[in-house]
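This report concerns only the one structure given below.
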Amino acid sequence: MATAGKVIKCKAAVAWEAGKPLSIEEVEVAPPQAMEVRVKILYTALCHTDVYFWEAKGQTPVFPRILGHEAGGIVESVGEGVTELAPGDHVLPVFTGECKECDHCKSEESNMCDLLRINVDRGVMIGDGKSRFTIKGKPIFHFVGTSTFSEYTVIHVGCLAKINPEAPLDKVCILSCGFSTGFGATVNVAKPKKGQTVAIFGLGAVGLAAMEGARLSGASRIIGVDLNPAKFEQAKKFGCTDFVNPKDHSKPVHEVLIEMTNGGLDRAVECTGNINAMISCFECVHDGWGVAVLVGVPTKDDVFKTHPMNFLNEKTLKGTFFGNYKPRTDLPNVVELYMKKELELEKFITHSVPFSEINTAFDLMLKGESLRCVMRMDE
């Protein structure tokens, strides 16, 4: 492309400080360096993680910053050493990478790349410790190696999944974080068998994606657990057969669930990050074969407390990161599930706005009115 090797000026939504509305600014995006790729973003979605680090409550504030990590785009140019991607390729940026060379990447059991694992505090490129974004010469920090709230961004090649160019980027863009995290937690880690019972704790976008995994796995009963009763109606679209609000019961929710299922759930997936929900998720599964999977991220001071007899009675507790998907290896296959109409991504996308209205997307999520709001970069 004619822009290869040159600085590109484009629009980006800059977070200048915590909790303040994002500002659409003209930024300069430098060419990609070794093992980097410059991507033209066509669609980007808002994930709760973006909101979390924009609020910066209890987090290291890294500002000014370009947030965003769920997106779909096209390769504009590649840096030295990049052989797997070429200009014109369709890609999904991912907040965690796959170098394909470390012990984790070589292991069939792990997706936690040593080199490119998520780093929320690093606001620069891993290669040279510098930003590729500037405004009038002043550096603007990156976010989790992706920074997709920009018409162009620079990303390490290991954090880009090359996908089928026929796949609609305005739909499959949501696969690059939340959906895959929840869906993979069920199908790759909990692995319910056809006819089994599954409980999902937390019915936000990640929880509903986990529920979709249970539905496609043929679960006979899917119990949604949430403190907001308004979420049950929406959850029915994702296969939810029963709804439990812990506030409606005088006894602990795990006891309620054990009674409902004649001894406990076959599988349970926790998607809230609340430590009490995590413990309940484990304690509600059936002894002998029950499997609980933790997806939500707890606070740094949380401690998981349960009686050791739960383990001796052969209940299994697992954790997962990004649904146990290796980004470059596995995401193209998840895209193909959508192309074969086995995944229904449309029901997760509740809103769509032009990129210029990005603050509307933040408002919708803060009010709890959206699952995913996709922003169109060309408007």
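Keep in mind that glycine also has a Cβ here, set from the backbone N, Cα and C atoms.
Classification of T49 (Zn(2+) 1 binding site) by DSSP places it within a helix. Of all the Cβ atoms in the protein chains shown, 21 others lie within 10 Å of the Cβ of T49 (Zn(2+) 1 binding site). Per Swiss-Prot, Zn(2+) 1 binding site is recorded for C47, T49, H69, C177, and the stated evidence type is similarity to another entry.
There are 28 other Cβ atoms within 10 Å of the Cβ belonging to G207 (NAD(+) binding site). Under the DSSP three-state reduction, G207 (NAD(+) binding site) is assigned to helix. Sequence annotations record features per position, and here Swiss-Prot assigns NAD(+) binding site to T49, 202-207, D226, K231, T272, 295-297, F322, R372 based on similarity to another entry.
Under the DSSP three-state reduction, H69 (Zn(2+) 1 binding site) is assigned to coil, being neither helix nor strand. Around the Cβ of H69 (Zn(2+) 1 binding site), 28 further Cβ atoms fall within 10 Å across all displayed protein chains. According to Swiss-Prot, the feature alcohol binding site maps to T49, H69.
Proximity of C102 (Zn(2+) 2 binding site) to non-local residues of its own chain (separation of 6 or more, Cβ distance below 8 Å) is seen for C113, D114, L115, given in sequence order. The Zn(2+) 2 binding site annotation in Swiss-Prot covers C99, C102, C105, C113 and rests on similarity to another entry.
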Name them in sequence order: residues not among C47, T49, H69, C177 whose Cβ is within 8 Å of the mean position of the Cβ atoms defining the Zn(2+) 1 site.
H48, D50, G68, E70, F95, V144, S176, G178
Same-chain residues at least 6 apart in sequence whose Cβ lies under 8 Å from V297 (NAD(+) binding site):
G273
If you count the other Cβ atoms within 10 Å of each Cβ, which of the binding-site residues C47, C105, C177, A205 comes out on top?
C177
Which residues, same chain and not among C99, C102, C105, C113, have a CB within 8 angstroms of the centroid of the CB atoms at the recorded Zn(2+) 2 site?
G97, E98, K100, E101, D103, H104, K106, D114, L115, L116, G158
With Cβ-Cβ distance below 8 Å and at least 6 positions apart along the chain, what are the contacts of V295 (NAD(+) binding site)? List them in sequence order.
T181, G182, A185, V206, A210, V269, E270, C271, G319, T320
